[in-house]
Amino acid sequence: MSAMSGAGCFLYFAFGSNLLKERLQLQNPSAVFHCVARLQGYVLQFGLWRENVNSRWNGGVATIEEYPDEDVWGVVWKMATEDITSLDKQESVDEGFYSPMEVTVETETGPLLCRTYKMNNFTPCAPSPQYKEVVCLGAQQNGLPEDYIKKLQAVETNNYTGPSILDEIKKRKN
């Protein structure tokens, strides 16, 4: 079994900025909403790769860490197989920032095997307000559980006030 869903497509479980359709489709135009899903036994964290501040977001970015009795909610996107390369590039796989992995997520219609990404050499760091906003907008856009959205909204930020990729996303939304 693999995350490839046949017909030249694969399933991708997003939990961070890629919850927001407009953000994911900046580099991955084939992404189509499939369903909301829950990843059991993991917790959502924000941080840096090797203590390097992410220049796109000016703060910590999302990752998942194994943690019993915790869940991460997210979105399963159905994507064209040719977008694996651009998704890997967006997640800086070649630079060692994230590693792709397959996870089984729970959905209303049963389990699904999906591709997702986990940060390597994780160092905790608060996200920028702009990154947090994109994550929260994506959670709301896709109908994640209200208590989980409140948890996301309660995340402390680093109070960064300069430009970010959110500016490009807002242009696309308008």
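Yeah, the Cβs are placed from backbone N, Cα and C, and that goes for glycine too.
Under the heading active site, proton acceptor, TrEMBL lists Glu91. When secondary structure is read from DSSP and collapsed to three states, Glu91 (active site, proton acceptor) falls in the coil class. In sequence order, Phe97, Tyr98, Pro100, Tyr117 make up the list of same-chain residues 6 or more apart from Glu91 (active site, proton acceptor) whose Cβ falls under 8 Å from its Cβ.
What TrEMBL lists as substrate binding site is Tyr12, Phe13, Ala14, Phe15, Gly16, Ser17, Tyr131. Taking the Cβ of Phe15 (substrate binding site) as reference, residues of its chain lying under 8 Å away and at least six apart in sequence are, in sequence order, Leu39, Leu44, Ala62, Ile64, Val72, Trp73, Gly74, Thr116.
In the three-state DSSP scheme, Phe15 (substrate binding site) falls into the coil class.
In the three-state DSSP reading, Tyr131 (substrate binding site) counts as helix.
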